[in-house]
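Let me begin by presenting the structure, written as structure tokens, before commenting on it.
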Amino acid sequence: MLEKIQKALTIRSSTMRELLAEALGMFILMVFGLSSVAQVVLGRGDFGQHLSINLGFGIGVTLGIHAAGGISGAHLNAAITITHCILGNLPWRKLPAYLIGQFLGSFTAAATVFGLYYDALYDYTKGNFTVTGPTATASIFSTYPAPYVSLPGAFFTEFTATAMLLLGILVIHDEKNNGALKGTQALLTGILVLGIGLGMGLNTGYAINPSRDLPPRVFTAIAGWGMDVFTAGDHWWWVPLTAPILGSLAGVLIHKLFIDIHNQPIPKSGNEKGPTVVETS
């Protein structure tokens with residue numbers, strides 16, 4: 001009976017399997033990340049600090065990659081998926097499935113954390129969910145720039161942070177160079193995200209991922225924060241969508257120019273003799 005149910009539920013479409021893998025990986029990443037932010041904010045600093053948030057997202061990235069890596073490659077980031085399509089590593093026809101999976105997982109994670117901490121949210125805000133002010137809580141779910149940061153400065157921060165993300169990922173997976181040991185890539189990518197948060201999180205909260213930022217923003221608009229989530233920070237919402245895509249492409253270009261194109265096998269000319277091969281039995 002169980003075998004029949006399993007057979008009936010088994011999805012044979014590779015595209016659908018990739019969609020589901022991206023959704024689950026993104027859900028895991030975001031539940032760990034957003035819940036760590038919620039605990040720090042709603043706990044008024046008594047249940048963690050900035051490091052707690054960075055660790056939460058780093059752990060979420062590691063586990064999300066383990067969940068989806070063998071099926072979809074665990075992009076878990078719309079900027080990375082779009083970059084793969086531009087480079088020809090992923091067919092454009094698969095782009096909608098990857099993006100839908102990522103957005104579904106991220107939106108569901110935001111709803112889950114909202115339900116998990118609803119009582120604490122209500123106690124902290126007295127039922128008044130705001131984007132700015134002394135009891136602002138929208139930043140639990142999406143990123144917002146610091147008050148002192150200009151829009152160009154915030155854009156450059158997201159651009160640079162995402163370029164470093166892609167550089168780190170390419171270095172970790174570069175088997176022609178000094179790539180990571182097999183099986184450690186997920187952990188090292190989580191540490192990479194931790195490092196970005198530790199060093200580049202002050203200005204904008206290091207979104208570095210459209211799939212991390214937009215779906216929870218849409219959720220907060222629906223769940224009680226209103227359209228202020230799109231107008232706050234001088235209409236900041238579009239920056240985490242565009243800057244990571246450009247930063248991702250820049251990171252790939254930098255790796256190509258400085259490492260990859262110089263580290264290709266050198267083809268042998270026709271008149272060169274190869275080494276003598278001695279056959280032994």
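Cβ coordinates are placed from backbone N, Cα and C, and glycine is handled just like the others.
Over in TrEMBL, the protein carries these features:
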TRANSMEM  20-41  transmembrane segment
TRANSMEM  53-76  transmembrane segment
TRANSMEM  97-118  transmembrane segment
TRANSMEM  154-173  transmembrane segment
TRANSMEM  185-208  transmembrane segment
TRANSMEM  236-259  transmembrane segment
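If you count C-beta pairs under 8 angstroms between the transmembrane segment (236-259) and each of 53-76, 97-118, 185-208, the highest count goes to 185-208.
Taking Cβ pairs closer than 8 Å, the transmembrane segment (20-41) reaches residues 11, 47-50, 52-53, 55-57, 59-61, 63-65, 67-69, 71-72, 74-76, 97-98, 100-102, 104-106, 108-110, 112-113, 116-117, 120-121, 124, 137, 139-141, 211-212, 216 in its own chain, all 6 or more past its ends.
Non-local neighbours of the transmembrane segment (97-118) in the same chain are 15-16, 18-31, 34-35, 38-39, 42, 72, 75-78, 81, 90, 140-141, 211-212, 214-216, 218-220, 223; each lies 6+ residues outside the stretch with a CB under 8 Å from one of its CB atoms. Within the chain, the transmembrane segment (185-208) has long-range Cβ neighbours (under 8 A, six or more residues past its boundaries) at 50-51, 53-55, 57-63, 65-66, 69, 74, 77, 79, 139, 142-146, 149, 153-154, 157-158, 160-162, 164-165, 168-169, 172-173, 239-240, 244, 247.
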